[in-house]
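Novice: Pasting in a structure now, in structure tokens, and then I'll have a few things to ask.
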Amino acid sequence: MIFQQTLGNKATFSGIGLHTGKTITLTLRPAEAGTGIVFHRVDLSPAVSIEAHASNVVNTRLSTTIGRGDASVSTIEHLMAALYGCGIDNAHVDIDGPEVPIMDGSAAPFVAAIAKAGVKMSGKARKYLVVKKPVTVVDGDKKATIIPSRHYKISFDMQFAHPAVKSQFRSLEFSQESFIGDFAAARTFGFLAEVEMMKSHGLALGGSLENAVVIGDNGVINPEGLRFQDEFVRHKILDSVGDLSLAGHRLIGHVKATKSGHDLNHKLVTELLKRPDCYTLIEFTPQAFNAPFNIGIPELSWLEA
């Protein structure tokens, strides 16, 4: 799809904030082409608007938080992944609290509501951020790299010293179908001992077996088990889609991540954006673009030079 898209109608959600434990209502509204994704803290007077962009990220501990002045919105990554995965470029997000509702811990409820609201195409072309040179960020044994590619792809290597998780690897070659079918329903997860510790420090107050996969000493304690055998790494990729969408444009490049998380995802986007020699922004015309949603671009032969 080469044209910017927004929602056909409004979509409203109410749910618990994972970390605050508060009930929050969020409404997605259509927006004009060129708007981007803009959050509005409508519970404040006056309301505060915050663009969903890497330059507005103020915290990456446990989730991704954007802010402006004293106002902020946290845990935006699942909603951002759903918007990106459903092809939504422009939307207003009215929210009456400091955190996006966790829903069931995945992006699936957001995806379903966006599908019900419908998608409206504009007449304005999208701009794609095409990676020209590799960019890498490292933090100890954690690493994230984005390299030139004909498609948007994320390859994730996850490693935990726990028998229920161990090592998991998976790749997503991005398309709307693959994201919605294989990744959107993957839930956030945590270790029981860590959840108890966080709650004692005023965090994860809304966490439960209804909105997260919880791992005990002997494995997953959720009665229904896992939705996918490798649900953990699928969720890490879902998080990455949401975090990387804060680049502000559709990406064309291959992300290779090892033990990455919200902080390293943000550092990768920030490092990429501050190195204009490593990417180019391209606005495609219908005549120049004849690929499906996964944005393979046969015209860009220079990527293989």
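We count from 1, first residue shown onward.
Backbone N, Cα and C atoms are what each Cβ position is placed from, and that goes for glycine too.
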Novice: Swiss-Prot records HIS235, ASP239 as Zn(2+)-binding residues. Which of HIS53, HIS78, HIS92 is assigned to the same site?
Specialist: HIS78
Novice: When the number of other CB atoms within 10 A of each residue's CB is tallied over all shown chains, which of the recorded positions HIS78, HIS235, HIS262 has the maximum?
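Specialist: Result of the Cβ crowding comparison: HIS78.
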Novice: When a 10 Å sphere is centred on the Cβ of ASP239 (Zn(2+) binding site), how many other Cβ atoms does it contain?
Specialist: 24
Novice: Find the one among the binding-site residues HIS78, HIS235, ASP239 whose C-alpha lies closest to that of HIS262 (active site, proton donor).
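Specialist: Closest recorded candidate to HIS262 (active site, proton donor) by Cα: ASP239.
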